[in-house]
Amino acid sequence: MAPKKKLQLPPPPTDEEEYWDSQAEEVLDEEEEDMMEDWESLDEEASEVEEVSDETPSPSVAFPSPAPQKSATGSSMATTSAPQAPPALPVRRPNRRWDTTGTRAAHTAPAAAAAAATAAATQKQRRPDSKTLTKPKKSTAAAAAGGGALRLAPNEPVSTRELRNRIFPTLYAIFQQSRGQEQELKIKNRSLRSLTRSCLYHKSEDQLRRTLEDAEALFSKYCALTLKD
């Protein structure tokens, strides 16, 4: 605002009424001037504000964004975007009834037996791979049944070996005939057991020949007993 002008009082007039009238006119003139100056300053400020508003771009009116509406479409979109978990299956408790458990055990028993048999077969196949092997024990009857040849020392004479190979089949035949017989037969007070020992331990050809003759006689005696029965 423009600075106010200092009032310069004129010299007092001679007439008092003229003095007061002139004072009132001066006061009114000053007030009018002050009002005009105020209005001019207001007009200048308004024009400056308009110029500034014309130069700066008008800001876009930002409208408040609407609140998210909970609708059926929104819920469907949420469900489609999120992966659906598989439905939980009901836990089935085992049936403890005696009739069902018995039938299940009967059905599973053959499968368990087959599994045990296969495991035993594989274990038997793996046994030869072990370092320590046990030799099977061969009985005299099995040796006689395996072709009638007795395996003895390699330095044994051929004659005694042939006699032993003839005695053992005869002893095996006596063993077959004596099965089921209540009475044990003997020949010259010699039974099947004594003839078997003689065949195993005698080394002379004469002893083995007499053992062969006694074995044949005992075999014929058992055959005659079975024919009578």
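In case you wondered, yes, glycine gets a Cβ from its N, Cα and C as well.
Quick caveat, the model's predicted, so the values are computed rather than measured.
Residues or ranges marked as region 'Disordered' by Swiss-Prot: 1-157.
Taken from Swiss-Prot, the feature compositional bias 'Acidic residues' covers 14-54. Each residue in the compositional bias 'Acidic residues' (14-54) gets a DSSP state, and the totals come to 39 helix, 0 strand, 2 coil.
As annotated by Swiss-Prot, compositional bias 'Low complexity' applies to 55-64 (among others).
Under the heading compositional bias 'Low complexity', Swiss-Prot lists 71-82 (among others).
Feature annotation from Swiss-Prot assigns compositional bias 'Low complexity' to 100-122 (among others).
Counting residue by residue with DSSP, the region 'Necessary for nuclear subcellular location' (172-199) contains 15 helix, 2 strand, 11 coil. The annotation region 'Necessary for nuclear subcellular location' is assigned in Swiss-Prot to 172-199 on the grounds of similarity to another entry.
The annotation region 'RS-repeat' is assigned in Swiss-Prot to 178-198 on the grounds of similarity to another entry. Same-chain neighbours of the region 'RS-repeat' (178-198): 140, 167, 171, 207-208, 211, 214-215, 217-218, 221-222, 225, counting only residues six or more beyond its ends whose CB sits under 8 Å from a CB of the stretch.
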